[in-house]
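A.B. asks: These came from TrEMBL, pasted as-is:
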- 14-118: domain 'Pseudouridine synthase I TruA alpha/beta' (DOMAIN)
- 61: active site, nucleophile (ACT_SITE)
- 125: substrate binding site (BINDING)
- 163-281: domain 'Pseudouridine synthase I TruA alpha/beta' (DOMAIN)
């Protein structure tokens, strides 16, 4: 019987990141394991001929969420079995992901030359900030792992918007990256295409408007980001909003090009960070709109 070559798929998926060590796989004996561990366990239940590896486009840390991340995978089926239809693959994976807070949104068959990480044109992150809480206990229970409520009252958002413009464009972002084992091998130069700060709504927040809570969404788009770059940029912008830094200090921090120059304890926590979407060209996909939008 003829053996069909493996079929490559691009899948889009989302997850609630609080209970995972991040998106990347970890050894199974850890107390927290990665989203990738669950994805690969789910696909093994579809009985591929050889073990399947998910090649994930965008790394996210412990506690960080994804409205839409992506990965490619190659599936070789038993002789005589046709390649999975895209919807069939989505339903099959989701069936085996229960009861985890991980969901496959969409799948596309792609050429064998396609790579989820290297074919991506850009990535968009959003960060949710809650103001108006004088104490951690005032965060609505439905929002506790989904936003950051920095202390110190309301934020000076116009000052934050002024500061944000210094981050747009091509810069050496050394000050805005955390050091990791990959630091020596990675250029610190990145091009940030967009930084946006907009009012946002909380989950069912119209039912507790009297409490004076305000949600803000900080949006960042770039082809790629350095390790913890978004959380450092958010932390610095919030410090501007609190009056701890001037807007111009953001420009000075960029020019210092030194991760040690970043203000101590200013990095935003993971809980408010969401990978919103990974963008690809229309030539690679039928659609450039992130599924679920």
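Glycine is treated like the rest: Cβ placed from N, Cα and C.
Give me the structural setting of these features: burial, nearby parts and distances.
C.D. replies: Sorting the domain 'Pseudouridine synthase I TruA alpha/beta' (14-118) by DSSP state (H, G, I as helix; E, B as strand; all else coil) yields 25 helix, 26 strand, 54 coil.
Proximity of residue 61 (active site, nucleophile) to non-local residues of its own chain (separation of 6 or more, Cβ distance below 8 Å) is seen for 22, 228, 270, given in sequence order.
Sequence-distant neighbours of residue 125 (substrate binding site) (same chain, 6+ residues apart, CB-CB distance under 8 A): 219, 220, 221, 225, 230, 273, 274, 275, 276.
Note on the domain 'Pseudouridine synthase I TruA alpha/beta' (163-281): DSSP counts are 47 helix, 32 strand, 40 coil.
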A.B. asks: Considering every residue in the domain 'Pseudouridine synthase I TruA alpha/beta' (163-281), what is the mean pLDDT value?
C.D. replies: 94
